[in-house]
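Please find one structure pasted underneath; my questions will follow.
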Amino acid sequence: MGSFKVFALAVLCVLALNFYVGSAQLKTNFYSKSCPNVEKIVKQAVTNKFRQTFVTAPATLRLFFHDCMVRGCDASVMIQSSGGNKAEKDHPDNLSLAGDGFDTVIKAKAAVEKQCKNKVSCADILALATRDVIVLTGGPSYAVELGRRDGLKSTASSVTGNLPKPTQNLNQLNAIFSKVGLNQNDLVALSAAHSIGFSHCNHVQKRLFNWNSPNKVDPTLNAVYANQLKQQCPRNVDPRIAINMDPNTPRRFDIQYYKNLQQGKGLFTSDQVLFTDSRSRPVVDDWAVNAGNFNQAFKTAMTKLGRVGVLTGSKGNIRRRCDAFN
């Protein structure tokens, strides 16, 4: 084996070791002594916020995903830009993150601080809040591993190339997910986040009006659904106009997402490709009728996602404020 190959293998082994050492220190009862009521406190704060606005759910779920996929689950996505540093949240791929997600974590952090001062990280609060909004919208509950520390760095440049885009195909999506140790099944399961919430017209305009086909419409789109989208998002519409991700049950986290894909009603190319590509179609077909199989796969995927690049012990800290470094 050449020296370069040996070096590359050694680097990969070190990266893998760092990944598993951190995640191995996470445990569901991490705060059993330092803040035994943390889950109840976070759940109450999240529930209160959810009662104020449904957007709490999709916004928090998306915030968690965007955080973990960039530098790992360290709440670095919440940091405000300051001085000459442009933080993650100000990268173009993060500008559409709804403020209600940030507000949910900030409110939950404040509630936790009243009872357990400087004991619980923003990263762990975000992980707990994400599980809670999934349950509040009808999704499966799961045990959240805890013990993350908050990150000490947040740069917009670190976001580039690490988040999936609405236009990507299965190869491109798999490449992004594999970088953080997630496989194709994890990708298909986590895509169910698009079962709730909304997007904006600018993300579907090409599929409706500028596709490389005789009628300029993406042929994988259900014709009736395409016409409905055209009514909501006509050619010169304000690109910020919101449209539901799921045209049938947009406020319920359920397997309707996969039924939609079978019918050509995936809003993004990156959604519909999960059905049109023969490699992922069997899983879509199974989860469209078997909620039990989906729920188990989703819980597994969320647990794996929550372990990505975690900081533990002295590698991070516990922020006093989630949007600023101590």
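Backbone N, Cα and C define each Cβ position, glycine as well.
This is the feature table in TrEMBL:
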{"type": "SIGNAL", "residues": "1-24", "note": "signal peptide"}
{"type": "DOMAIN", "residues": "25-326", "note": "domain 'Plant heme peroxidase family profile'"}
{"type": "DISULFID", "residues": "Cys35-Cys116", "note": "disulfide bond"}
{"type": "SITE", "residues": "Arg62", "note": "site 'Transition state stabilizer'"}
{"type": "ACT_SITE", "residues": "His66", "note": "active site, proton acceptor"}
{"type": "BINDING", "residues": "Asp67, Val70, Gly72, Asp74, Ser76, Glu88", "note": "Ca(2+) 1 binding site"}
{"type": "DISULFID", "residues": "Cys68-Cys73", "note": "disulfide bond"}
{"type": "DISULFID", "residues": "Cys122-Cys322", "note": "disulfide bond"}
{"type": "BINDING", "residues": "Pro164", "note": "substrate binding site"}
{"type": "BINDING", "residues": "His194", "note": "heme b binding site"}
{"type": "DISULFID", "residues": "Cys201-Cys233", "note": "disulfide bond"}
{"type": "BINDING", "residues": "Asp246, Thr249, Asp254", "note": "Ca(2+) 2 binding site"}
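Provide an account of the burial state, proximal residues and distances for the features listed.
Residues near Cys35 (disulfide bond) in space but far in sequence (CB under 8 A, at least 6 apart, same chain), listed by position: Ile41, Val112, Gln115, Cys116, Lys119, Val120.
Counted within 10 Å of its Cβ, the other Cβ atoms near Asp74 (Ca(2+) 1 binding site) come to 28, all protein chains included.
If you take the C-beta of Cys68 (disulfide bond) and look for same-chain residues 6 or more apart in sequence within under 8 angstroms, you find Val180, Leu305, Gly306, Val308, Gly309.
On its own chain, Cys122 (disulfide bond) has Ala75, Met78, Val105, Lys109, Asp150, Ile318, Arg319, Cys322 as residues at least 6 apart in sequence with a Cβ closer than 8 Å to its own Cβ.
When Cβ atoms from all protein chains are considered, those within 10 Å of Pro164 (substrate binding site) total 20, not counting its own.
The Cβ of His194 (heme b binding site) has 25 other Cβ atoms within 10 Å, all protein chains considered.
Just so you know, the Cβ of Cys201 (disulfide bond) picks up 19 other Cβ atoms within 10 Å once every protein chain is counted.
Neighbour count (other Cβ atoms within 10 Å of the Cβ, all protein chains): 24 for Asp246 (Ca(2+) 2 binding site).
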Note the Cβ centroid of Asp67, Val70, Gly72, Asp74, Ser76, Glu88, the recorded Ca(2+) 1 site, then list each other residue of that chain whose Cβ lies within 8 Å of it, in sequence.
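Other same-chain residues with Cβ inside the cutoff are His66, Cys68, Met69, Arg71, Cys73, Ala75, Val77, Gly151, Ser154, Ser158, Gly309.
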Given a 10 Å Cβ-Cβ cut-off, pick out the one of the binding-site residues Ser76, Thr249 that has the most other Cβ atoms nearby.
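It comes out as Ser76.
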Looking at Cβ-Cβ distances, which residues of the chain lie under 8 angstroms from His66 (active site, proton acceptor) while being 6 or more apart from it?
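Counting only residues 6 or more apart in sequence, the Cβ neighbours of His66 (active site, proton acceptor) under 8 Å are Val77, Glu88, Asp93, Asn94, Leu97, Leu163.
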Using only C-alpha positions, which one of Pro164, His194, Thr249 is spatially nearest Cys73 (disulfide bond)? These are the binding-site residues in the record.
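The smallest Cα gap between Cys73 (disulfide bond) and any of the binding-site residues is with Pro164.
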